[in-house]
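Asks: According to TrEMBL:
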DOMAIN    13-148  domain 'VanZ-like'
TRANSMEM  73-90  transmembrane segment
TRANSMEM  102-121  transmembrane segment
TRANSMEM  133-152  transmembrane segment
Amino acid sequence: MSMGERRIATVSWLAVFLWMGLIFYLSHQPGEASAALSSGVTDVIFRTVVAVFNIDVAPGAGDGMFHFWVRKSAHAFLYFVLAVLVIHALGRSGVVGRKAYLIAFLFCVFYAVTDEVHQLYVPGRSGEIGDVVIDSVGAAAGLVVFSLGNNLRRYVLKARE
């Protein structure tokens, strides 16, 4: 591995650990702070959807269910990105193929489990097996999209030859 390739691999792993830090930070927020943050995000998304699609909604209608789906989508999104970052970093480090995908997936699932255990010790939070499942689905989706993107890139490059 050349010096340039080592730098790219190092930066790739740095991105993984920074993203893991973001997940830890969000998980370490006490229940009230987490609820306030997600309620604010939910409110912005809800108002945007209502405005864009010109939907007439009674005040407070669907707030609870919409909030639930935004929170769960955030779980999936965080682990989607983590999986993409991990599979990229593994590839830059010379780990490729099915082995890389398996390692990336297991890495994300392990981090999801530790994240939920961590939340058991945060005031107002709880660790949920269902969240580990959602995180794992997000990670799997990230790996599928990454694989499809790689295959498409290879196809386009081959077609140009």
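Positions of Cβ are set from backbone N, Cα and C atoms, glycine also.
The shown structure was predicted, so the numbers you read here are calculated from the model rather than taken from an experiment.
Surface or core, plus neighbours and distances: that's what I need for these features.
Replies: Secondary structure of the domain 'VanZ-like' (13-148), assigned with DSSP and counted as helix (H, G, I), strand (E, B) and coil, comes to 111 helix, 0 strand, 25 coil.
Within its own chain, the transmembrane segment (133-152) has Cβ neighbours under 8 Å at 72, 75-84, 87-88, 101, 104-105, 108-109, 112, 115, counting only residues six or more beyond its boundaries.
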